[in-house]
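The next block holds one structure in the form of structure tokens; read it before the comments.
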Ligand code: ADP
Ligand code: MG
């Protein structure tokens with residue numbers, strides 16, 4: 001079903017409540033260290049401003065536990081400051097997200113002005129999707145716009161609950177883009193469709209793998225999960241991370257891929273170390289098997305070449321999960337190599353998953369991808385084929 005988006009509504013003079021994802025990383029001084037999520041919300045905010053809405057923004061930040069010091073540490077003030085710089089206009093920050101003070105600020109808000117409500121999760125009712133709280137949020141809005149893709153997999157008061165208490169609702173441009181790319185990559189991909197799956201654990205990615213095997217022409221496996229697959233095939237993997245209780249599952253996935261005629265590729269060489277440390281010696285093992293004293297920490301150069309060729313020949317590439325312990329330099333080549341191959345590929349390239357997106361960012365290749373999802377957990381749930389509550393309520 002096509003999503004109704006913000007550009008189909010008449011916003012002039014209306015109180016437009018936009019649920020954004022300003023859950024940004026902060027340093028010790030409380031400065032925003034990565035404003036990507038704020039920038040990702042700009043098209044929707046700017047559209048509403050241009051159309052003379054009274055813009056009310058709301059987000060959560062971190063996981064406040066109700067302690068007084070959390071109020072100071074997890075205030076949206078740094079986000080308000082950064083947003084104001086990006087919009088080149090004042091952003092009014094409320095000291096709460098509900099209550100009389102907020103109602104007054106909203107009454108005084110003029111068309112084309114921006115009000116940012118304080119951290120929604122300062123109220124436990126937000127995550128409980130409390131109906132009264134949702135009603136209270138909705139009481140200051142004529143229109144509800146959800147653009148917080150990163151929390152669309154959660155049914156909270158601001159991401160789902162308030163939908164039924166507003167007159168009009170729509171998706172923002174970020175959610176629209178996410179649904180378009182993640183949906184298209186899996187729904188009707190141009191072929192060959194190559195999926196690359198890595199990361200730490202098979203158990204985190206079972207549904208993702210199952211869904212991708214049902215749709216992709218080839219699935220390239222890397223990261224620590226590769227060793228569980230290799231061990232399941234009887235290949236020695238030394239000290240590598242293996243999920244012993246997932247060997248049977250790995251065998252089933254291999255079987256299913258074979259039955260469906262999907263090429264499931266596993267590493268044929270490895271970059272290993274005696275321990276997962278930056279200072280450990282980097283050893284290239286030119287064999288499927290890993291010696292007993294070593295641990296696989298990245299895909300090897302031969303494997304990278306083979307994966308690179310598949311990526312370059314593809315028409316659609318979806319990537320989730322780093323190929324190795326890329327946070328440490330000796331084991332980063334496979335992950336960055338895959339990112340570079342995607343950047344060069346003529347394919348529609350889509351990246352999902354928090355750590356994978358961070359790797360693409362670190363490689364400086366975000367602009368070379370067709371789409372890098374802003375939602376870690378949400379993009380994975382989407383790829384698993386689940387219905388995200390924050391999107392479902394937009395469709396009802
Ligand atoms: P995403 O967030 O993109 O879904 P995951 O959370 O599944 O990705 O996995 C990312 C983590 O997996 C990274 O922190 C990375 O260091 C780790 N990892 C990948 N390969 C290995 C490996 N061979 N050994 C140890 N850790 C690994
Ligand atoms: Mg992760």
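Using N, Cα and C of the backbone, Cβ positions are placed for all residues, glycine too.
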Open item on the list: Can you find which of 180, 275, 327 TrEMBL lists as binding ATP at the same site as 205, 296, 353, 354, 355, 356?
Closed with: 327
TODO: Return the residue out of 71, 82, 121 that TrEMBL annotates for the same substrate site as 21, 22, 23, 37, 60, 61, 62, 63, 154.
DONE: 121
Task: Same chain, 6+ residues apart, C-beta under 8 Å of the C-beta of residue 356 (ATP binding site), given in sequence order - done: 198, 199, 319, 320, 321, 322
Open item on the list: Can you tell me the CA-to-CA distance separating residue 60 (substrate binding site) and residue 354 (ATP binding site), as a whole number of Å?
Closed with: 17
Open item on the list: I need the CA-to-CA distance for residue 205 (ATP binding site) versus residue 21 (substrate binding site), whole Å please.
Closed with: 24
- [ ] Could you round the CA separation between residue 23 (substrate binding site) and residue 355 (ATP binding site) to a whole angstrom and send it over?
- [x] 16
- [ ] Work out how many Å separate residue 21 (substrate binding site) and residue 296 (ATP binding site) at their Cα atoms, rounded off.
- [x] 36
Open item on the list: Between residue 296 (ATP binding site) and residue 62 (substrate binding site), how many Å separate their Cα atoms?
Closed with: 33
Open item on the list: Based on a Cβ-to-ligand 2 distance below 6 Å, what subset of the binding-site residues 60, 121, 327, 354 would you report?
Closed with: 354
